[in-house]
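J.: From TrEMBL, here are the annotated features:
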TRANSMEM  60-84  transmembrane segment
TRANSMEM  96-117  transmembrane segment
TRANSMEM  232-250  transmembrane segment
TRANSMEM  262-280  transmembrane segment
TRANSMEM  367-386  transmembrane segment
TRANSMEM  432-456  transmembrane segment
TRANSMEM  462-484  transmembrane segment
Amino acid sequence: MWQYYYYMAIIILQQQTPQQLARARGRDGCGMTGCSLDSTSASRAVRSFWFLGLLNNSPWVLMLACATDISSGGVALVMVKISAPYWFHLISYETRIYTTSVAMGLACFLVGLGGLLRDGDGGGARDGVEDDRGGLGLALELLGVSFMSFACSLGESSLLALAGKFDSMVLPPIAPLESYRVISEGSMESANIISGRNFGHEHRLDDDVNEIESEYDAGKLMKKVVAHQRSCITAFSSGTGLAGIVGYAYKALFSNVLGWDLSATVWSAMASSLAYSFIYRRGLHCTDSGTERLVQLGTGPPAAILESSLFVDEYAIHDRRRHGHGGEDSGSALEMSNTENVHLRTLQRLRTDSSGPSRVVTAFDRLRMVLSLWPYTIPLFTVYAAEYMLQAGVWSAMGFPVTSAAARAQFYHYSNWTYQAGVFVSRSSGTLWTASLPILWLMPFLQVVNLIFFWLDSLHRFWYNYSLILPCFVAGLLGGSVYVQGFSRVNMDMPIEIKEFAIASVGVADTFGILVADVLSLFLQSCVYDKHGIEGAVVDCPVNI
């Protein structure tokens, strides 16, 4: 408790009233409510993140359903996510989101134009000219898919980090001063105080402090903070989960039902890029504009800010150890202390090493931080590798009967729809429960067990009928849960100075999992094909089945 009173004493001594801080933030573009969010702004932010998650991934799913060849798209995906922690802090969220929107629209235009060239009859032109048109069309399609891969990876990494920031802002009001945030905005406010920024003196805080002390002790406040630190990440995750269903349904509606060709179907999706920018502008831009002043790792954080952040996070960890982590038992709270202390020590070292008013974080510092996030990256990598090997390697080689190409395509269709439904359900559950680290590691293990079960079943057919869509649904539940719980834990567990950096860094794990699955799934499929005498495998099975 002494830290809480110490922190309030700093504010009193500096004669900074909550109203003055709110007005100061209002002059910087956050509005009179400051950078904290009232209930209306918080609800708008949650809705905006849900729609942005849906729009961010739906065009990519549409590309997967429509494009002839998608292999080149993975290059842009990896390059963006693996490099994000080293340059995201140099570019504002606004620039990144609008770049994503433009890239989405350009991708749809290029893929549609490529499809038009490839499907054209050449108008009586020579065969050589037709071949050139077809080659140009394929090149444009691949270029468009690469742009879409770039857009979706940039948008996902940026919006996850921004959702983490908003979840740190969406706090329960401390009556009667709703715009004043004791903990989450502590680093910025105390930095203003320590660095000498004083906006005047109008009221003493004695009565305000007494009211806060009487109504909210540290434990109650911390529990409220933790309870509100998952809404935006869960909303974005839920939107991305539904994107899989919407993308395939969109293609089925316009292509199969209405009879539109590839070009018309993809061009109609260009409207999503406009909606993407509009929703960000209306729902998040006003509030986000004032948060850009929060120090991000790598911009040379002043020692004072680092010290205030250390105080806030040490206080938060101490409280979680005493009261439990968001309703979990004390054991679950204590299990996080080692991971949290790694990052607190890093921030402490940055503060200690500061020889002047600021110290720029080096690339080596960033690399060490990325590597220290392994408790979160390994589960995400494992679950994505396992589930994509299921989709591309095993489910594509199953059918009733397996020798029928049409039957295999039908089961692949049904299994993926069921899987996407499970993903949507689990990614929407982030606010309902919090996974401890052991549970976060257990779920990828269960997904690997699921992969082994399906592979053995595809070889020996001991359970071989359409009831297999039930474990397909479970695969979606496991994959979606690791996604939303993993990023939620990163946002809750990391010190405030590195939340956005950590979320952007962890995001590369799923991409590497997909790349590994793309390779290994070819061998899984080839072994099933060899077992049942099916032709068409891309590679040879490395073992005798």
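Here the Cβ of each residue, glycine as well, is placed from N, Cα and C on the backbone.
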J.: Out of 232-250, 262-280, 462-484, what stretch is closest in contact terms to the transmembrane segment (96-117), meaning most Cβ pairs under 8 angstroms?
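T.: The stretch with the most contacts is 262-280.
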J.: Looking at 232-250, 367-386, 432-456, which one has the highest count of Cβ pairs under 8 angstroms to the transmembrane segment (462-484)?
T.: 432-456
J.: Below 8 angstroms Cβ to Cβ, which residues of this chain, lying six or more residues outside the transmembrane segment (367-386), approach it?
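T.: Beyond its ends, the transmembrane segment (367-386) has Cβ neighbours at 85, 297, 339, 342-343, 346, 437, 440-441, 443-445, 447-448, 450-451, 478-479, 482-483, 486, 489-490, 498, 501-502, 505-506, 508-510, 512-514, 516-517, 520.
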